[in-house]
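Listed in TrEMBL:
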| type | residues | note |
| --- | --- | --- |
| ACT_SITE | E211 | active site |
| BINDING | H53, E56, H148 | Zn(2+) binding site |
| DOMAIN | 44-236 | domain 'Succinylglutamate desuccinylase/Aspartoacylase catalytic' |
| DOMAIN | 249-321 | domain 'AstE/AspA barrel-sandwich hybrid' |
Amino acid sequence: MQDFLQQTLSGEAPRKRRGETAHLRWQWLYHGILLMEPVVPVKQALVLSAGIHGNETAPVEIMNQLVNALLRGEKPLQQRMLVILGNPSALRTGKRYVRYDINRLFGGRWQQVDDGDEARRVLRLEQALENFWLLGECDETRWHLDMHTAIRGSYHPQFGVMPQNDRPWPPAFLDWLAAAGLEALVFHRAPGGTFTHFSCEHFGAASCTLELGKALPFGENDLSQFSAAQQALAALLFGDPMPATRVKPRHYRVAQQITRLSEHFRLHMTPETLNFTAFPQGTLLAEDGDTRYYVQQAREYVLFPNPGVAAGLRAGLMLIEEGEQTQALPL
Ligand SMILES: [Zn+2]
């Protein structure tokens, strides 16, 4: 196999489904799912995924460059690694998704939507992760990095979203995220249907959804803005030197979710509203019939505002910054 991305976009299985270099053995497991194992045993297991959303191409290109270098035998591998291109049918059409946003369907939520390519893809990915983790030694370090780009511009161009996790986050994982250039980390406080929630909740993996910039079509990405993330990945995969951490990420946690309930939903933000825009207490954020969403804390920051989602789904998250005053201010 010459090129993992082209192979996946072709929709064909490769003629040769397994192979090896001086450093590693690889095995094509299914469309967009590739297992790579170092010849020398290691104690780290990494799931590296991109293309869960088909229009988020920069991370797909970055991941593909790293994987192709490994397939050509140019680089050693420091991780037992499962490489995933999440939604091949959406990647082929250049759309976020075909019928369903698969990053809402993990943890068995695919059973609640109509059977089809995307529901089956989520089941396939869940099984691939399960097989991958079960294959390893029980004392392996488990990390999952799921790479995305955001629909909107952002006050923090690069940030990470962490699933709900009752265990402490491993310091080495947080250090890696900082070195990858993430300026902010957002901590969920409730379960969700994302890929990273699934690997954290079911397999105890340290996982993060990396938002690495703004979504653009294939070939139009200026990959230089991703250099810190690229270097940090090269450090993790190949053992290259880690880039120096430029900024310590700010920590936010989710205060409330804005949910679209019906066709009457109205979000009081513009298409230009940036991620992490701050709103003062009392601001009316959205309304849906008799339901109104207000800023409850002294100050809240919006993340992923998207009034166009289907009824019942998240139309935005409101965040508070850790360490900032979280109680209501006296009137
Ligand atoms: Zn995405």
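Each residue's number is its place along the chain shown, starting with 1.
Even glycines carry a Cβ here, placed using N, Cα and C.
Shown on the structure are the features that TrEMBL records.
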residue	record	CB count, 10 Å
H53	Zn(2+) binding site	24
E56	Zn(2+) binding site	27
H148	Zn(2+) binding site	25
E211	active site	27
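In this structure, H53, E56, H148 are the recorded positions from H53, E56, H148, E211 whose C-beta falls under 6 Å of some atom of ligand 1. H148 (Zn(2+) binding site) and E211 (active site) are 5 Å apart (CA-CA, integer value).
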